[in-house]
Structure formats: structure tokens, C-alpha cells
């Protein structure tokens, strides 16, 4: 189970009443205090993340959740599932000082453990807990949320609640999230995903994305090896200078994954990343593909579905089973994501940040985190671009592949709550 205690340990400190570490390693600095509200967040002094959790008192006035249903431009097909519309859960938390935080629990069948109905029930339980709790420190609130929404089983809902809480706190101390997470940058550049489609459709999408300024295409593969190669050839013809990420979503056997790399090698194509080539529980196969991909073809392999907890991350690191870990908040929660970031950075493993099929609420939170930390080699935060409607008001600014984050408090996105039914 992820806990605030384990997070504090990863930050180089321990929760009271335990003695603090002798060699603290703060993960990030945060800006401002509640007393500094209204000041310029770029000009205020800093204090450590653990201090915010230990000193900021959270007093929840209202907390509620509603279904967040949004149509897609086209069905989103990957090796393990097909999504025809987004059926997520929106979460709204209001503090006693009037600051409102927004979160989203993304649901992707066969990837997240929850479906929408389960997520609604568990989110409601968490909201009731928050409403009925007395004022307590942020760290304790997050720990209580983790207890009622434990492990990977409820990670997506936990992430949504954590997002809303942290967004509200950021607004209360008058800082944007990218500053809260370290302030490394106020923008990111994302790839864009081409789902499993025909070679003609893939070529059409690649041509469109090229005109929109996307230099990195993430191609979903893993259902049919021959068709995957044909799609790659079609994309290469219309976007010859693009960088490729292959994402098999567990779809290949180890020998098939290596065969794909061999065929691409013959075409003169080297992907910059090969994501989750084999089944999540095929640890031996993952390590084998990673060794061959890097040693023979110079291709890095990322663990996505195989990394659903800090325990998984440690296993991957110890066994040299992948070159990159893909952090998705819906898999591990926000607190869990921070734990894995610290573990990976300490070990020298590269990091990727991704998401499920989400609106700009969840994607905005993840984008702020990525910009603030500045430590992600691969950024895959594109799925709001696949939606036919955008229910989120304000938030980050989009210019092709670039997301720009402003100085607005929190992640700055919100919903017209009366129209979220």
C-alpha cells in the first residue's frame, strides 16, 4: 500500500513521531505559504514538500463526484482493449477558505482496475470521508485517502481525489502546480498517439499531425505483426522525419517483439522507445526484450503495465528489466507517482509520463507535474486531443504539440459543474 510515510522516506525524511533521516534528500521545493496568498509565486521563499504535508491544515467544506462522459473523435483501439467513449469520474473538492480543487479518475477497461460504476461508488466514499473529517494536515488527509482507496485496485479514483485536494491546496497558497512541483519549466512538448487502425487511416492521421507540428508519433501495435509493419511503412511515407514510439500494450510474445525490431531495422527505422512489448507479468520476457532491443538495435524499452506500484518499480530496477518507467497517475496515484519518480531518479532509470484517455483536468495535472519536475525524457499526454468535445474551461494553453502553463493557481482547469450530469 502506498503511504505518506513511504513518500516521506523517499523524500529523505520520516513522518512524526519517527526521527528524521540524517541525510535528507528533498525531492522538490514548493513555493509560498497560506500567509503569502496574493504574492507573486515566483518571488517568494521556498520550503520542502514534506513541510507542506506536515504544516498545511486541510479543512474540506464540500466534496462530490459526478460522471464525466465525453465522446471520442474515433474509437480508440489498442492491443488490449477498445474505447468508444470516455466514461471517467470528475471530483470537486471545496475547502473552508473557498478554494476549489478539481480532479479526474480516468477509466480505461483492462488497464485501470475500476469501471465507471465502481469508481463512482469509491469516489463517493472518499468524498464522504473528507466532508465528515475535521481539519487535519495534508499528509494525514492523503494517507486517509490511500487507506480507503488502496493499491492498484482503486488507483485511478485515488489519483482523482489526490488531484482535487492538491489543486485546492495550491490555490489556497496561491501557486500554479508547475511551481508547486519544482518550477523547472512552464511548458511541455507531447507526442501524439495513432491507435490501431488501417494503414490508410494511419497515414492520414500522420499527415495531419505533421501539419500540426507533432514530431513524435506514438504508434499502437501488438494485435497483428504483419499489419503493424504495414502501418509503420505507411506512416513513414507521409511523415519521413518523425520520431517513433511503439506501444504494444502487452500485445507481443518476446520473439514477436524482437521480430518487429528486426523488420524495422531492415527498413532503416529505429524507434526512440518500445513500450510494454510483452504481458505485464512476463518479467523474464520483458528483461529479454530489453536486453536485445538495447544491445542489438539501440532501442530503449519502457515498462508501463508492468509497473503498477513502487514494488514493481523496484523489481524492474533491481533486475534491469527495462530502461524506462512510464508513470501514469491513474495506475499509481499522485503520491505513488512521486515515490516512483524518486526511486527511478535515484537509480538512474529514465522516466516517461503518460495517461489514460482523459480530459484536460487529469492531463493538465500530469502536465504541470511533468513541467515542474523537468525530469521526464518522454512525454505522452495527448489524449484530450482525441476527444470530440472539451468540457474543461480555462486550464493550460495548447499550440500543436506544446502545452503552456500559466501563472494561474493550481492547474487552472475547471468544469461547469451544473452541466456535469
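Quick reminder: no glycine exception, Cβ is built from N, Cα and C everywhere.
Of the residues 228, 241, 282, 304, Swiss-Prot places 304 in the same Mg(2+) site as 247, 275. Binding site for substrate per Swiss-Prot: 218, 219, 220, 328, 380, 381, 382, plus 193 from the candidate set 189, 193, 290, 406. Among the residues the record lists as binding substrate, namely 193, 218, 219, 220, 328, 380, 381, 382, the two farthest apart have Cα atoms separated by 18 Å.
Listed in chain order, the residues near the Mg(2+) site other than 247, 275, 304 are 218, 245, 246, 248, 249, 273, 274, 276, 302, 305, 326, 354, each with its Cβ within 8 Å of the site Cβ centroid.
Sequence-distant contacts of residue 304 (Mg(2+) binding site), defined by Cβ-Cβ distance under 8 angstroms and a gap of at least six in the same chain, are 247, 249, 275, 276, 326, 328, 352, 354.
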